[in-house]
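Over in Swiss-Prot, the protein carries these features:
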- C69, C71, C87, C90: Zn(2+) binding site (BINDING)
- D489, D491, D493: Mg(2+) binding site (BINDING)
Amino acid sequence: MIDQYKHQQLRIGSVSPQQIRAWAKKILPNGEIVGEVTKPYTFHYKTNKPEKDGLFCERISGPIKSGICACGNYRGIGTEKEDPKFCEECGVEFVDSRIRRYQMGYIKLTCPVTHVWYLKRLPSYIANLLDKPLRELEGLVYCDFSFARSIAKKPTFLRLRGSFEYEIQSWQYSIPLFFTTQGFETFRNREISTGAGAIREQLADSDLRIITDNSLLEWKELGDEESAGNEWEEKKIRRRKDFLVRRIELAKHFLRTNVDPEWMVLCLLPVLPPELRPIIQIDGGKLMSSDINELYRRVIYRNNTLTDLLATSRSTPGELVMCQEKLVQEAVDTLFDNGIRGQPMRDGHNKVYKSFSDVIEGKEGRFRETLLGKRVDYSGRSVIVVGPLLSLHQCGLPREIAIELFQAFVIRGLIRQDVASNTGIAKSKIREKEPIVWEILQEVMQGHPVLLNRAPTLHRLGIQAFQPILVEGRAICLHPLVCKGFNADFDGDQMAVHVPLSLEAQAEARLLMFSHMNLLSPAIGDPVSVPTQDMLIGLYVLTIGNPRGICANRYNQSNSNCRNYKKEKVYKNDFKYTKELYFSSSYDALGAYRQKRIHLDSPLWLRWRLDQRVVGSREVPIEIQYESFGNYNEIYKHYQIIGSVKIEICCIYIRTTAGHISFYREIEEAIQGFWRAYS
């Protein structure tokens, strides 16, 4: 469909019977109205032509061959001659055969039928809207029981119950036995209600605004109730409040989309165009048919049987009518979702028939395989690996993938810079991988984001935009913090990369889809970019240290003098140091690490600013050293305080590691960058 802004879109939902009839109804030039499928036949076994008013009728769906009617007459399509537009003998229009791909039909159901997707699928929309148990509604739909209509001050048959000396055990089975078909219909229309018609009456009588107001009022009353301390009652109230919220949202959705709840009960059943459920002739003259055709035939057979019972057989018991209505309901259920009520319907080879649900849903369904799973231009695919040097909004593209994705842009750049005179020469330079090619590719990629997608795309974070960076190898590099949104890890997962071409797509990628702009879950608001797996292990290794602090040296056998807190440690590089080093700034400490004088977990003393207190109020120093000039040194578990007689505290040294310093610097720079960006 096309909306008021001329955007092509697809909407799936309930439609009215009038809309279904409008889709399928067709008025021929002679004034005859066609569109209703009344016969369960497909092709005649002798002529191999579609049966009239059958599932492949040419009057309803159009001719099999363009411009040729069922009689074999030919008329040119689109000619301006005064030839008739349809054949008066067979009633087939002279139109293009492609009409059979979208011209629908319909089956007029003798009794209302509940749509099984709205009844049996969880959550059950019908049960939520009517606020009734699903088991009770199922029994009503499949004629297992019925309820009495409210007829005030009128004598009714059901009021005789209780006047007898004994009670009839099961009225739902005994009542129809006393009536003929015509009498039972009169009785049922007057006093009882059962089947999908009863559901339709209740849905038609429901006022969505009243449902919303009453549900909201009940929700507030439950919230105002004081807790009784009973865990079971609190759980029951919480479950009821959740149900009321779902009911309010469902009612608002019906109001917002202008959908009547009674449309969930079908009176007209749409019939798919013939080309979407074909019958194909294979070698040997055998026919292969879509499973949908057999399910449609089953519905038409049972519907016609019910029509005959109501129209001709006046002596048929009412119980037989109810049983036939149940069979029609089950046939339509099988058409929509085979096996939803138990054992699925099978063919002669014990193969399960594929219903609408099987055709649509799943990885091999119509949407994911045919519509969403298509290969597109300007896209690639590769395994993902971790990129520890990437920023959050960057991804690493292998040169082989990048040159293919941006080849058209590189060719344009080569021609504009007069490096190549035409497209052929430009492609040859790309094949030879000349240095100028990579320079132009770098320029193109700087201003062009790419989209990364990991299947299955279950929510909007499954596809995000990144700034591409050229990397070596054949794997896509990804920042580990964005893995949670994709539900990805680095154990062999593959991701697809797409290039947005239009200016609108590039603007959407930059403004809405960049990874650093999708840090919170759109569903619950929790952070998505949180460290997991590899990052947690890396942070642990980076900040590992002895929790005992300086006390770890006290009982070290390699220390001959505990007072100097010496610690001898041998590393793989075969160098030793016997004293913990002192550094005046974090820059000096990281410089020593880069010069390989210390390791990430090497303990060291770092001078700390006096305005940032690290002293515990009740902590007792391990040792206090005094000097001859009055200076003193208080040694604690994780820090030292150096003071003098004139100045209480001259400086503070904290005991840390190069890994802790590096981690702190990264956090500090990130916070400062955040404040600069938003100040």
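Every residue, even glycine, has its Cβ placed from backbone N, Cα and C.
The structure, with features from Swiss-Prot marked on it.
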| residue | record | DSSP class |
| --- | --- | --- |
| C69 | Zn(2+) binding site | coil |
| C87 | Zn(2+) binding site | coil |
| D489 | Mg(2+) binding site | coil |
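Close to the recorded Zn(2+) site, the chain also has A70, G72, N73, F86, E88, E89, G91, V92: residues not among C69, C71, C87, C90 whose Cβ is within 8 Å of the site's Cβ mean position.
The separation of D491 (Mg(2+) binding site) from C71 (Zn(2+) binding site), Cα to Cα, is 64 Å. Of the candidate binding-site residues, D489, D491, D493, the one lying closest to C87 (Zn(2+) binding site) when CA atoms are compared is D493. When the Cα atoms are compared, D491 (Mg(2+) binding site) and C69 (Zn(2+) binding site) turn out to be 60 Å apart. For the pair formed by D489 (Mg(2+) binding site) and C69 (Zn(2+) binding site), distance between Cα atoms is given as 59 Å, rounded to the nearest Å. Here the binding-site residues are C69, C71, C90, and the one with the most other Cβ atoms within 10 Å of its Cβ is C69.
Neighbour counts of Cβ atoms within 10 Å were taken for the binding-site residues D489, D491, D493; the minimum is at D491. Cβ contacts within 10 Å of C87 (Zn(2+) binding site), excluding its own Cβ and spanning all protein chains shown: 20. Across the structure, C90 (Zn(2+) binding site) and D493 (Mg(2+) binding site) place their CA atoms 59 angstrom apart. Those residues of the chain, other than D489, D491, D493, with a C-beta within 8 angstroms of the mean position of the Mg(2+) site C-beta atoms are I384, A488, F490, G492.
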